[in-house]
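K.L.:
When I checked Swiss-Prot for this same protein, it listed these features:
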BINDING   Gly24, Ala25, Arg26, Gly27, Ile28, Gly29, Lys30, Ser31  ATP binding site
REGION    1-207  region 'ATPase'
REGION    233-332  region 'DNA-binding'
Amino acid sequence: MDKSLFYNPQKMLSYDRILNFVIGARGIGKSYAMKVYPINRFIKYGEQFIYVRRYKPELAKVSNYFNDVAQEFPDHELVVKGRRFYIDGKLAGWAIPLSVWQSEKSNAYPNVSTIVFDEFIREKDNSNYIPNEVSALLNLMDTVFRNRERVRCICLSNAVSVVNPYFLFFNLVPDVNKRFNVYDDALIEIPDSLDFSSERRKTRFGRLIDGTEYGEMSLDNQFIGDSHVFIEKRSKDSKFVFSIVYNGFTLGVWVDVNQGLMYVDTAHDPSTKNVYTLTTDDLNENMMLITNYKNNYHLRKLASAFMNGYLRFDNQVIRNIAYELFRKMRIQ
């Protein structure tokens with residue numbers, strides 16, 4: 001297959017964000033590209049790298065790390081010893097399971113400029129996220145990068161779900177129709193794989209999976225773990241009513257009386273006096289703490305809209321947060 005069809009990270013790297021998320025179709029070459037990049041950085045500049053997986057068993061075959069990319073570097077010796085990577089006899093990088101990040105706190109990595117975290121979004125049949133996973137990755141980044149500027153962490157995943165601990169932690173709500181969602185210090189890239197998918201559909205395996213849920217993820221970069229039920233942009237005639245803050249995320253609640261629908265959105269009126277929260281962790285000035293939603297008119301209406309099927313959510317991330325909110329309210 002033509003090399004130009006595979007993933008090229010250069011545009012993503014040009015944005016120079018410290019934290020990058022790349023979510024692309026399976027087989028498009030994300031992992032391959034993010035092996036080649038740090039190897040090149042070491043050969044040219046002596047910059048080391050760290051390869052991260054979630055748990056130790058996922059590194060059981062790390063001895064094969066260089067196998068697929070060795071052809072790109074015929075004049076260099078690429079060797080793995082334990083969980084260390086060597087290039088031309090020099091230490092180039094480490095493989096680290098995120099689950100043991102605490103054991104890395106006393107280690108120093110002054111020459112590491114790149115962390116690559118592969119499969120950062122858990123797939124259905126894989127192991128669970130580790131407890132406080134985002135904090136674990138941030139602790140590892142802090143240990144490795146310290147206060148250096150020319151550093152970056154690149155997290156890779158297949159198209160599973162935009163609802164994951166990382167996007168929730170940083171309040172990132174990507175537009176899945178845009179290739180690059182760029183924030184102050186982070187970036188989400190959802191590569192366009194149309195040409196790659198067209199060619200892969202011509203293969204025997206591509207024909208086998210075409211039209212299946214697996215094919216939607218592998219060929220079309222569709223987020224198969226996300227439900228589109230009740231996902232709908234709010235109408236232009238909807239009016240803002242109140243806000244509710246949950247886990248640091250502010251949700252705006254809007255109503256369209258003509259359509260008889262209620263919408264939950266990130267958009268809200270920051271000057272409103274109708275701001276509610278369910279936890280003391282979120283409680284702040286000019287908010288009302290609600291311990292029983294049945295005692296509050298607005299939250300009763302929100303719960304009723306949800307239970308009767310006329311509540312809509314702006315996107316999957318908002319939907320997921322709202323569902324957690326309803327579980328907190330003991331509405332199942």
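Including glycine, each Cβ sits where the backbone N, Cα and C put it.
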K.L.:
What is the one among the binding-site residues Arg26, Lys30 whose Cβ has the most other Cβ atoms less than or equal to 10 Å away?
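P.N.:
Per the Cβ count within 10 Å, the most buried is Lys30.
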K.L.:
Please report the number of other Cβ atoms within 10 Å of the Cβ of Gly27 (ATP binding site).
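P.N.:
Total other Cβ atoms inside 10 Å, all chains included: 20.
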K.L.:
Over the span of the region 'DNA-binding' (233-332), count residues by DSSP class, listing helix, strand and coil in order.
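P.N.:
Going through the region 'DNA-binding' (233-332) residue by residue, I get 27 helix, 29 strand, 44 coil.
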K.L.:
Per-residue pLDDT averaged over the region 'ATPase' (1-207) comes to what?
P.N.:
89
K.L.:
According to DSSP, which kind of secondary structure is Gly24 (ATP binding site) found in, if we only use helix, strand and coil?
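P.N.:
Reduced to three states, the DSSP call for Gly24 (ATP binding site) is strand.
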